[in-house]
Amino acid sequence: INPVILFVIFSRFRIRQETRYLLLGNALLSDLIYLVFYTVSAALNTAHVHLPKEACVLLLFLLAVAYCGGLFTAAAIVLDTYIAILFPLRYITILPPSRTKKIIVLLWMCSGAFPGIFFLVLSSTHSFVPCVLETCSVPVILILTLNGIDAVKLCFWLSTTVIFLCLSLMFCCYAILYFKTKQSGIWEGICSRASVTFLMHNTVLFFYFFPLLALFVESFLCINIVVRLQTGIWVSLIVCNVLMILPKVLFPFLYGLRYREISASLRSIVRRKHLRQVS
């Protein structure tokens, strides 16, 4: 569904002139890139194809960039919702489409710089040894990284801290929005649009937060030798192959198809006729 929604966003001039749709398209693009490269990695590991060291490092770097891009864009979507609800009269001046495009470029620059620093540290400390990269699998390399030198562990904990800060920022924005709009009457009824939207956002936020929390706990247990290495690899496999994929699967359905303009455009494509606007 991601390519279809992306086609709708970028083929409709009116849709791609709105900030929320530009951020949505960037998030879907990041998730699509991540899913494609992760599927390629899983297929190569299933076929027992051993990638060269440079190709494995490049694949891991692209996965890290795509994941950070999706996470940072999700945080930007939350901030966009926060500004749109609390500052409706100044929203157009704060986030016009031209500024949104610059923000998207900045998000991609941050997404590339953040993993780049991590990979430079790994390269300078010679942590990319052939035995580690023999199986170019994210869960395996992750669990072996946690048993590496102190510099690698420090980079991992710093990365985890930044990700948790992004998720905490998203949670705080949602909490502020709830308490600011609690007395406005839009929360009446469990099936109200505000209640469903709030539940939808928090569901995606939970599925972003829970896998990282599971990795954090599992990493702490592995470092303190509470669980065996094989058990840690199995837990990392479940987290990376199932839990971290769930929010990327739910995102287009909970966010993309919920917008009336996108769903109407998709229906018009399926029916092969253009919808006429009625004033």
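Cβ from N, Cα, C; glycine included.
Positions annotated as domain 'G-protein coupled receptors family 1 profile' by TrEMBL: 1-255. Among the features that TrEMBL reports, transmembrane segment is placed at 21-40, 60-91, 103-121, 127-147, 154-179, 205-227, 234-255.
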### Message
At a Cβ cut-off of 8 Å, and with pairs 6 or more apart in sequence only, do we get at least 3 pairs between the transmembrane segment (154-179) and the transmembrane segment (21-40), yes or no?
### Response
no
## Note on the structure
Same-chain residues at least 6 beyond the ends of the transmembrane segment (21-40) with a Cβ under 8 Å from one of its Cβ atoms are 2-3, 5-6, 9-10, 15, 59, 62-63, 66-67, 69-70, 73-74, 76-77, 80, 97, 100-101, 104, 107, 111, 138, 245, 248, 251-252, 255-256, 259, 261-262
#### Entry: Whole-number mean of pLDDT values that fall within the domain 'G-protein coupled receptors family 1 profile' (1-255)
79
